[in-house]
Structures are given as structure tokens and as C-alpha cells.
């Protein structure tokens with residue numbers, strides 16, 4: 001009853017779920033089932049299978065019969081339908097139909113069923129058909145309930161679009177003006193490109209070439225005819241590069257960063273307010289009055305039972321530690337202020353490690369405690385031993401980088417290997433061992449304090465990087481599906497040992513004599529989803545494609561649009577988040593809650609650095625050590641730390657916060 005509902009509130013607060021559900025016992029049980037880890041994992045399995053169907057559908061990497069892919073897709077769509085019905089039984093009806101992400105999933109599933117039916121009917125009768133609904137598949141990944149972080153990334157893009165649009169229009173105005181100047185400056189001089197075509201005589205081609213120059217993909221090729229004609233013409237290109245690459249591209253990042261931070265701060269404020277609202281609801285369910293007219297409190301017994309339900313796998317030592325942080329005066333109960341901090345406290349990483357003696361100490365205690373053994377342990381733990389070991393690693397890396405055919409180097413490698421293990425035979429085994437041991441160079445980096453801080457920061461923002469990785473996959477998938485329909489079969493790849501005459505021009509006569517064919521870019525095609533992803537990756541970093549030569553000049557729109565969406569918008573959003581997250585992790589002090597937890601670990605002598613026996617007063621945690629990792633487990637925790645100084649901890653109103661269900665980017669003003 002009350003404990004189940006309180007468990008839901010605390011769990012929602014911990015993971016920042018914002019669903020407004022019916023509080024009846026049956027609905028609460030359905031809600032707990034809906035958010036069970038197995039159900040969430042199953043959803044992602046069906047999403048991955050649904051996205052992976054592109055590997056087996058025409059144009060396929062591994063072709064499968066239509067009935068196999070169609071049946072698999074029907075199963076996936078049916079699973080999404082059942083998931084939505086389950087969610088509809090939990091959420092209040094008016095909230096369900098007002099939530100754009102639910103509408104989006106229903107529309108995507110419906111359109112997919114319609115497209116699948118039409119495609120199957122046309123194929124069975126021998127007519128040409130296109131699977132147009134495949135571009136909608138990534139929207140399921142974005143709009144499932146578990147895709148909160150991904151939706152936040154899309155909201156960041158949506159919020160930054162208006163300001164980006166102004167800068168982009170000014171940027172395009174600059175490109176158009178420079179193109180006009182280039183036409184008048186070079187168009188009448190009879191210059192030729194390296195393949196013999198006229199140089200800068202068509203205005204549309206000039207605009208495209210100068211836009212590509214912003215990506216540096218055609219530099220310095222685009223300027224060489226003018227440079228060969230006169231050194232003074234380089235002034236034009238220098239001005240263009242400075243203004244449009246270094247100034248305008250920096251403006252894009254500055255605008256994105258400024259707008260990103262402004263909107264993110266308001267969203268995090270609402271996020272924290274919603275979290276506190278949930279925790280206050282949980283507190284009101286478990287509270288009891290202390291004396292007549294006393295403040296409501298939650299006892300330790302109820303708190304322990306609640307934590308067991310919220311985190312069934314939490315150790316007794318960890319639970320005792322969390323309680324001692326909240327109840328620092330050992331009253332046996334806590335008030336609302338302390339109780340509300342439970343969700344934040346559960347997000348701080350604390351790993352329980354069993355304290356066990358060394359195996360040799362167990363099996364051969366006399367040998368382990370002998371003077372020789374104590375001396376060896378002393379030497380190994382000595383700082384000088386660590387430095388010597390690191391020096392051996394560094395020397396080993398130097399020898400691996402040298403010519404292994406040299407007998408001196410080869411013998412040195414074998415001698416160095418003996419210092420580690422010895423007994424290896426065979427050149428291949430030796431190479432594998434050396435490659436694995438090169439990874440120990442990371443240890444050298446870790447010994448430098450500043451390097452260690454940077455590496456730890458990169459590890460902590462790892463979940464964020466994964467979130468934006470999903471965002472890139474979504475965009476890549478959509479562009480890959482469109483690209484395959486536009487360009488499949490236009491470029492063919494031939495194996496190196498092929499004798500086909502078509503190999504010279506990638507199987508398309510329109511590419512004969514082009515730079516694309518001469519550089520053997522034939523494998524850069526949209527003939528399946530894997531090669532499509534590789535081409536899009538090349539365009540991100542950025543490489544020019546020759547697909548306009550085999551289709552139409554309007555195909556440039558596809559590649560320019562991809563560059564705008566991925567490089568100018570998404571990459572800048574990603575850089576903005578990395579900048580802010582890095583500054584937070586690198587410079588901001590720990591929160592009061594983290595500091596209290598760390599102090600309590602040290603006070604109870606439970607940190608792994610301690611080698612003294614545990615205090616017998618805490619019997620429930622005897623025989624354990626606690627390993628503390630400052631920082632948050634979740635991206636939401638990191639976001640809260642970004643604006644921790646601007647969030648007021650006394651804000652514990654029990655009124656439902658405004659806009660508790662954040663708007664979704666799919667149907668909201670896009």
C-alpha cells in the first residue's frame with residue numbers, strides 16, 4: 001500500500017521520471033512492473049532489432065526474404081503497441097493524450113503498419129515499392145519513456161535553432177557575397193581546374209565550392225588555379241577563410257553554448273522541483289508525529305524498509321552509511337529536509353567491497369608473515385618500486401616502437417618480457433603480449449595529478465557522451481534511409497582483383513574521369529546501411545562526395561543539409577555540453593551532500609585507504625570497506641551540479657510543479 005506508493009515516488013525522483021499516474025494499489029503495481037529493469041531492457045531489445053532490420057532489407061548487407069523481415073517488424077511493432085497500452089492503463093487519460101511522445105509513438109507504429117501492408121502488396125504483385133516509413137524508426141528510440149536524455153538533447157537543439165538561424169543567414173549572406181566577388185574576379189580570365197573544366201564561371205557551382213571550403217574538404221584544391229595565376233589572389237581566399245571558417249564557425253558555437261545554458265538552467269530547475277515534489281509526497285505517506293504538536297518525522301525502521309524496496313541490492317553497510325549521513329545526531333528519525341535528500345544520496349556512487357585477507361595469508365600464514373614475505377611486501381608498496389616499474393613500461397614502449405628486425409631491439413624486447421612473465425614462445429604471442437602491455441602506459445598518465453583529473457572527468461561525463469552518441473545514430477539512420485533511396489546502385493564497388501572495365505569509373509559512366517573515380521572512392525556509396533553510415537561519418541569530418549555527378553545538381557541539398565544538422569548544430573550542442581560538464585567536474589567543489597558522505601566514510605574508518613580494524617560499535621557493517629566515488633551516477637545528477645549554486649534547497653513546496661511533463665520536441669513547435 002503506502003510503502004509501494006512511496007517506493008514509486010522515491011524511484012521516480014531518483015531517475016527523474018515525470019509520469020502523472022493514478023495512485024490506486026492496482027495501478028501502482030502496474031507502474032512498478034512498467035518500470036522494472038527487465039521490461040525496460042526488453043523495450044530496447046525490440047528497438048535495436050527494429051533498427052537492425054535495415055541490414056536485411058533491400059538494399060541489404062545480408063539479404064533475407066521479405067516475409068522474414070516483415071514478420072520481425074510486425075512482432076516489434078506489436079511489442080511497442082502492448083507497451084503503449086500498458087502505459088495508458090497507468091497514466092491519467094487526459095495526461096496520456098496530451099503527451100506528444102505518446103502521440104508520436106502511436107503515429108509511427110500506425111504509419112509503419114500501413115507502409116508494411118502497402119509494400120508487401122506491391123512487392124507480391126511485382127510492382128516497384130519504397131519503404132518510406134523506415135525513416136520514422138529512430139523516433140521510437142527518442143520517444144519511449146526511457147529516452148528522457150535523448151529528448152532533452154533534441155529540446156536543446158530546438159531551443160537553439162532560432163538564434164542559430166540568424167547567424168546561419170548572415171553566414172550564407174557572406175558566402176553569397178564572396179561567391180559573387182569570385183565570379184567577377186575569376187570568371188572572365190579563362191582559368192581551368194586540374195581536370196580541365198572552366199574555373200569559377202557558374203555562380204551556383206561557386207557557391208557550392210565555397211560552402212565546401214568551409215568544411216576544408218576541397219582545400220587547397222579550390223584555390224590553386226587562382227593561386228597559380230597570381231599570388232595576390234590568395235588574399236581573397238585568406239579573407240574568406242578567416243571570416244567564414246574562424247569567425248562564423250566560432251559564432252555558431254558561442255550562440256549554441258549561450259542558448260543551451262540558458263534553457264538548460266530552467267529545465268534543470270523544473271527537474272529539481274519535480275524531484276522534491278515526489279519526495280515530499282513519499283514523506284507524507286510515511287510520516288508520523290513525534291509528541292503532541294511535534295514536527296512530522298520518518299523513523300529509521302520505515303526508512304530502512306523503504307530503501308530495501310527502492311534498492312533491493314543495496315548492502316547493509318551502504319544503507320547504514322546513508323542513514324548516518326541523514327541522521328547525523330543519532331535521533332532515530334529524520335525530518336522532511338533530510339528525507340528529501342535521499343534521492344540525491346542514492347545517486348552518489350558508493351561501492352561496498354568485502355575486506356578479505358590475502359589467499360596466501362589464508363593457506364600459508366607462516367610464509368605470509370615471515371620476514372622475507374614482509375620485506376617483499378614492503379618493497380612492492382614502496383614508492384620507488386612503482387617508479388622503477390613505470391620506467392620499465394616506458395622503456396618497453398620505446399623498444400616496441402623501434403625496428404623489431406634489428407637483433408638488438410628484438411633481444412631487448414625478449415629481455416623486457418622476462419621481467420614481466422617469461423616463458424612465451426612464438427613471434428605472434430610476443431606481439432600480442434607487447435600490445436597488451438602498451439596499455440599499461442595509461443598507468444603513467446594516471447600518476448600525474450592533472451592528467452588524472454582530466455581522465456576522471458572524461459569517465460564521469462561518459463553517460464553524456466553515450467546520450468549524444470544515440471542522437472548521432474538517430475540522425476545518421478534517418479539520413480542513411482533517405483540516402484539509400486536516392487543513391488543506391490549509383491556507385492558500385494569492385495574488388496581489387498576484379499577485371500571488369502567498369503572498375504575504372506565505379507560502374508557508372510558519368511563518373512569517368514572524375515576525381516571521385518580517380519581516387520578510388522567507389523566504396524563510398526549508399527548501397528547498404530553500413531556503407532551509408534561510413535559515408536555519413538566521412539561527411540561529418542568532412543569528405544566530399546561525387547553523387548551530384550551521377551544524379552542531379554540538386555543532390556547537393558542532401559549533403560549541405562546533413563552538414564548543417566550534424567556539424568553546425570548537433571556537434572556544437574555536444575561541444576557546449578562537454579564544455580559545461582568539464583568545467584563543472586574540473587572546477588566545481590563537491591556538493592554538501594557528497595562532502596557529508598565522504599566525511600562520514602572517513603569518520604567511521606570505512607574507506608579503503610584505512611588499514612585499521614573496524615569499529616565494533618557498528619556490527620552490521622563489520623568486515624566491509626566502502627569505496628567512494630565522488631560524482632553522480634546519472635546525467636541528471638551532473639546537470640543538477642551545473643546549477644547547484646542557483647537552486648535553493650529550502651524550496652520544498654508540496655504544490656505540483658508547473659510543466660512537470662516536459663514538452664517533447666517531435667510535435668511541439670517544430
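Placement of Cβ uses the backbone N, Cα and C atoms for every residue, glycine included.
Where the annotation comes from TrEMBL, it is an automatic prediction and has not been curated.
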Students should find that the transmembrane segment stretch in TrEMBL, chosen from 346-364, 365-383, 384-402, is 384-402
Transmembrane segment per TrEMBL sits at which of 304-326, 488-510, 557-579? 557-579
If you look at how TrEMBL annotates this chain, which of 103-122, 123-142, 143-162 comes out as transmembrane segment? 103-122
With pairs fewer than 6 apart in sequence excluded, do the transmembrane segment (199-217) and the transmembrane segment (164-187) have three or more C-beta pairs that lie under 8 Å? yes
Where else in the chain does the transmembrane segment (237-260) make close Cβ contacts, counting only residues six or more beyond its ends and a cut-off under 8 Å? 156, 159-160, 163-164, 167-168, 170-171, 174-175, 178, 210, 213-214, 216, 219, 222-223, 226-227, 568-569, 572-573, 575-577, 579-580
Take the transmembrane segment (557-579) and find every residue of the same chain, 6 or more past its ends, with a Cβ under 8 Å from one of its Cβ atoms. 153, 156-157, 160-161, 164, 168, 208, 211, 215, 252-253, 256-257, 260-261, 461, 464-465, 468, 471-472, 475, 479, 482-483, 486, 536, 539-540, 542, 545, 547
If you average pLDDT over the domain 'Ion transport' (424-582), what do you get? 80
